[in-house]
Amino acid sequence: MNSIVAIVGRPNVGKSTLFNRLVQRREAIVDSVSGVTRDRHYGKSDWNGKEFSVIDTGGYITGSDDIFEGEIRKQVNLAIDEADLIVFVVNVEDGITPMDAEVAKLLRKVKKPIFTVVNKVDNAMREPDAIEFYNLGLGEYFTIASINGSGTGELLDALAEKMPEPEEVNLEEEALPRFAVVGRPNAGKSSFINSLIGQDRNIVTDIAGTTRDSIDTKYNRFGFDFNLVDTAGIRKKSRVKEDLEFYSVMRAVRTIEYSDVIVLVVDATRGFEGQDQNIFWLAEKNRKGVVILINKWDLVEKETNTMRDYEAMVRKQIEPFTDVPIVFISALTKQRLFKAIETAVEVFQKRKTKIQTSKFNETMLDIIKTSPPPAIKGKFVKIKYCMQLPTQTPQFVFFCNLPQYVRDSYRRFLENKLRDIYDFSGVPITIYFRQK
Ligand code: GDP
């Protein structure tokens, strides 16, 4: 599982600029694929072969000036609970403020690796000023200027050093699917799980959220074997109320990271809202499979086209990634629970699809021949060869002479074709263009 890095600190020290620095390189690739506006506070990055998530804890709270100290404390506590590595940002211009000292006090009790990052050290004159922060006595110490990126390479080296080696990609492995049931509070997650696994429910114990090995529990229902990953919704109690977007995202991140397929439970009576969308993008960004369950369908008054219209409305919200299975269920009356699990298993299997290279070339090069990339500034892109990469999730590379001249619209065209031919319903796919 990838490490989670949380950026903490009081408002206006430069957390979001650092966040952007850390995620920039990779986001550019991923977002151009999906064409999605990115969440400005959660992103993926990689360094020295290690992939990780970055969360800007401050970004989720607005009105930074009149922010309550209590809010900062909640943020830091949650980061302590949920993250693997903590980056504590301070601002050299202000010196150690009382709020910095408060945050430092909370962090001092933590056993996880902490990196104190002194920001805005953008000239040599400021280096001596930064030394004061040594006095905080917190973990490793770095000076950076996130505005121009100086010092971030060293920080990334140090972060990557503390992350576990990436897991071996074992393509032969016949592991059980790991499902995570996620969604807004009261969407019906617990009810769904209860209806599904009934008495065994109490096997799912209250785990602090950091024990990686015991985070999931094996079940068999309707003839399917699967693991349910422990989620915030079924934990007995959490340290903070999930009233803010930040808290639900933070809680969902680890669960999502650890799963293969995200089962997103939506309350039909409330519609598909912002938070549902956020969780959806979180799953997509992590290249996880997704099934959307529209729950409490028993409460919806139905006319001829109610389901069709509802489905269209949801698909509109998740554009352009629209070929996601949507199942209308009722946890209460147990309507379509079999269908829900069957669909999740199907998505899991599709996510493992491996397409033979020769067949893939035959099919795709044919399409490319008929509809080649449009010439840009007189440059003609010639795609000569393509293949699926030996990765855990479907990723494809197209080798060509001028990869930099391939437009996003063409990438999407290829993705749509790929989705038409090979059924990747509910599975995010990634397409790269490389020079050969
Ligand atoms: P969670 O916070 O997502 O785990 O949501 P719960 O499972 O606790 O459900 C929240 C409320 O919605 C409870 O009062 C449930 O009884 C109710 N509920 C859940 N699923 C259904 C459903 O399919 N139909 C109806 N009518 N009520 C439901």
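Cβ coordinates are placed from backbone N, Cα and C, and glycine is handled just like the others.
Listed in TrEMBL for this protein:
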| type | residues | note |
| --- | --- | --- |
| BINDING | 9-16, 56-60, 119-122 | GTP 1 binding site |
| BINDING | 183-190, 230-234, 295-298 | GTP 2 binding site |
| DOMAIN | 3-167 | domain 'EngA-type G' |
| DOMAIN | 177-352 | domain 'EngA-type G' |
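Structure coloured by features recorded in TrEMBL.
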{"residue": "G9", "record": "GTP 1 binding site", "Cβ contacts under 8 Å, 6 or more apart": "K15, G58, F88, V89, V90, D100, V103"}
{"residue": "V121", "record": "GTP 1 binding site", "Cβ contacts under 8 Å, 6 or more apart": "V92, E127, D129, A130, T143, I144, A145, G151"}
{"residue": "N186", "record": "GTP 2 binding site", "Cβ contacts under 8 Å, 6 or more apart": "D267"}
{"residue": "W297", "record": "GTP 2 binding site", "Cβ contacts under 8 Å, 6 or more apart": "A268, F328, I329, S330, Q335"}
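Taking the binding-site residues N12, T57 in turn, the residue surrounded by the fewest other Cβ atoms inside 10 Å of its Cβ turns out to be N12. The two recorded residues, K189 (GTP 2 binding site) and T57 (GTP 1 binding site), have Cα atoms 25 Å apart. When the binding-site residues G9, T57, W297 are checked against ligand 1, none has a Cβ within less than 6 Å of one of its atoms.
In this model, the domain 'EngA-type G' (177-352) carries an average pLDDT of 81. In this structure, the C-alpha atom of N12 (GTP 1 binding site) lies 31 angstrom from that of G183 (GTP 2 binding site). Counting every protein chain shown, the Cβ of K189 (GTP 2 binding site) has 24 other Cβ atoms within 10 Å. Across the structure, G183 (GTP 2 binding site) and T57 (GTP 1 binding site) place their CA atoms 20 angstrom apart. All chains included, 26 other C-beta atoms sit within 10 angstroms of the C-beta of G183 (GTP 2 binding site).
The Cβ neighbour count for K15 (GTP 1 binding site), using a 10 Å radius over every protein chain in view, is 25.
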